[in-house]
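The NADP(+) binding site annotation in Swiss-Prot covers 48, and the record cites sequence analysis as its basis. If you look up Swiss-Prot, you'll see 128, 129, 130, 280, 295, 296, 297, 298, 299, 321 marked as FMN binding site, on the strength of sequence analysis.
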């Protein structure tokens with residue numbers, strides 16, 4: 001399997017499966033002198049962790065501590081410039097829950113495509129295709145966030161919609177301490193009620209996550225094929241559940257006239273930010289704004305129609321422990337992916353002068 005490394009200068013390579021001994025990765029290309037220790041990475045992992053407070057009733061019953069162990073690349077609290085290795089053990093996997101799936105393909109999952117490509121698949125939770133894989137992204141993204149902080153660049157992410165119920169973005173700064181990473185305290189009860197009802201129906205929910213980066217200098221991004229917005233879209237779409245990405249006004253731009261969509265240029269910046277902080281694939285100094293649409297988790301507690309590995313029709317009811325709504329755990333993942341892109345682009349710009 002190829003495609004396990006992300007980035008050009010600041011590179012993250014990940015390994016591990018949902019029901020293997022553990023997951024981890026190596027960050028290569030991080031400069032020396034970045035303040036970093038296990039607590040810095042752990043803080044981000046705790047935001048994504050199964051059973052975290054942000055997920056509430058929406059989360060999986062699988063309770064992984066997600067304790068990170070740094071293996072290399074850090075000495076006396078700073079990076080050394082050498083590869084940064086880390087490992088996170090799987091401690092609460094229950095592979096016996098998946099025995100019935102050995103000969104059945106789960107609708108909405110990558111079972112059938114992995115089988116088509118490799119001639120085999122890990123039916124214990126999906127292996128590399130599991131959302132569990134994203135724990136390594138969050139750990140690698142924490143290193144990127146530490147580097148960006150040295151340059152006064154901040155990345156944050158929050159939920160703007162669950163199950164078709166939108167939030168008003170009134171307090172994005174407080175979203176991290178709120179259920180569902182909501183920027184709107186008033187919408188939380190409606191989301192809780194929706195999750196409760198959908199759980200009772202044996203179904204799942206999707207939603208939309210917004211990622212913002214402030215302090216990004218003008219000039220990041222490499223036309224023509226490595227535009228900053230193209231790289232961010234690549235990063236977001238590489239997350240298994242993401243099905244669409246918008247930048248700035250996004251889909252709404254199709255409904256605007258040019259006179260409405262253009263951001264007037266004024267002394268010191270721009271009057272509006274429909275461009276989402278990127279023009280011509282290059283950052284313009286405005287906040288970067290990206291939204292990702294996340295599909296409902298396909299593991300549902302309802303009977304579904306599928307086929308077995310011999311192509312015969314078969315009913316399926318998925319067991320195991322799964323999220324009702326993965327949005328709260330996707331939020332830190334998308335934040336991490338944006339950080340990886342920005343750290344890589346920043347280092348590339350510095351190298352090119």
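Numbering starts at 1 and runs along the chain as it is shown here.
Quick reminder: no glycine exception, Cβ is built from N, Cα and C everywhere.
Location within the structure of each feature annotated in Swiss-Prot.
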residue	record	CB count, 10 Å
48	NADP(+) binding site	26
128	FMN binding site	21
130	FMN binding site	20
295	FMN binding site	16
297	FMN binding site	24
299	FMN binding site	22
Checklist outcome for this item: Rounded Cα distance in angstrom between residue 128 (FMN binding site) and the residue listed as 'NADP(+) binding site' is 18
Item to check | Where residue 128 (FMN binding site) sits in the secondary structure, as DSSP reduces it to three classes | outcome: helix
Item to check | Cα separation, the residue listed as 'NADP(+) binding site' to residue 295 (FMN binding site) (Å, whole number) | outcome: 17
Checklist entry - Whole-number Å distance between the CA of residue 297 (FMN binding site) and the CA of the residue listed as 'NADP(+) binding site'? => result 16
Checklist entry - At the level of the C-alpha atoms, what whole-angstrom distance separates residue 299 (FMN binding site) and the residue listed as 'NADP(+) binding site'? => result 19
Next on the checklist: Between the Cα atoms of residue 130 (FMN binding site) and the residue listed as 'NADP(+) binding site', what distance do you get, rounded to the nearest Å?
Outcome noted: 14
